[in-house]
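Quick look at what TrEMBL lists:
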type	residues	note
TRANSMEM	12-35	transmembrane segment
DOMAIN	24-294	domain 'Sugar phosphate transporter'
TRANSMEM	41-61	transmembrane segment
TRANSMEM	77-95	transmembrane segment
TRANSMEM	101-122	transmembrane segment
TRANSMEM	153-175	transmembrane segment
TRANSMEM	187-206	transmembrane segment
TRANSMEM	221-245	transmembrane segment
TRANSMEM	252-272	transmembrane segment
TRANSMEM	278-297	transmembrane segment
Amino acid sequence: MATRLSDLFGNSRIIAGLLANLLSSICIVFINKWIYVHYGFPNMTMTLIHFVVTWLGLYICQKMDIFSPKSLRPSKIILLALSFCGFVVFTNLSLQSNTIGTYQLAKAMTTPVIIVIQTMYYRKTFSTKIKLTLVPITLGVILNSYYDVRFNLQGMIFATLGVFVTSLYQVWVGAKQHELQVNSMQLLYYQAPMSSAFLLVLVPFFEPLSGEGGIFGPWSFQALVMVLLSGVIAFLVNLSIYWIIGNTSPVTYNMFGHFKFCITLLGGYVLFQDPLSLNQGLGILCTLIGILAYTHFKLAEQEEGKSRLTQRP
């Protein structure tokens, strides 16, 4: 009975974390879209502000005794911070150099790359059933974006680097929490300011600092309020990402990311009357079937593992 209550509590916490990430991620997509469309605020600068606000939010949480910081050597998390910057830079360059369809198709490759990295370097095993769930998900992404897929050498290089660095970043987010024996807040508390400092160096190479479209440009009060609101929501997104990866796995988070993509497409159709073709509808259906299959097989494997443990003398 106690074990069942513990399992129920653990699953409830994971569901709550996934729900928090879902709601905050959908909110930030639509708020950022609003900011880009109506104010044209620069993308990388927005990410920099997001991480600064994330660190400020964690600093406030620490002062309120919500968590206790753990002393970490910068050398232990510098690769994590750099991989985050690489993820931001190469994702933006991929988006600039490719069509939306090519960009989305490349992003879908993150999940199999994570599986390869974890299999080769972390000796983690994945059942054939789990691997096969990638088929309907990838098919769904192709159906969603095939009409807009265009290939060019520069775009392919940036997309490949983006997928590789993003995969490394997500794997390391989980691995570092276990390696350093820290929770999501403790790790993010150190990584956020370090990543912010690296981004601060990179931003001038990609975006203007002053004048029209620059961070120190003539922004209206309404624009600054919306950017600050986006930063507060980004704090919830970043914290929930770290928590989900730390308490489940990078692959589970990626599967959940595909689900959020489907919800975002449907949300754009319902809220903004964005066009949704038959192929896109079929793509969403295929993706959701793959996610449900992954969830079913993952839960079945967990139950099987628990039953083996209880059967041991």
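In case you wondered, yes, glycine gets a Cβ from its N, Cα and C as well.
A TrEMBL annotation is a machine prediction, not a hand-curated record.
Computed from a predicted structure; not experimentally measured.
When the stretches 12-35, 153-175, 221-245, 278-297 are ranked by Cβ pairs under 8 Å to the transmembrane segment (77-95), first place goes to 153-175.
Proximity of distant same-chain residues to the transmembrane segment (187-206), defined by a Cβ-Cβ separation under 8 Å and at least 6 residues beyond the stretch ends, is recorded for 42, 44-45, 47-48, 51-52, 54-55, 58-59, 62, 67, 69, 72, 74, 77-78, 80-82, 84-85, 88-89, 92, 173, 176-177, 180, 215, 238-239, 242, 246. The average per-residue pLDDT of the prediction over the domain 'Sugar phosphate transporter' (24-294) is 82, rounded to a whole number.
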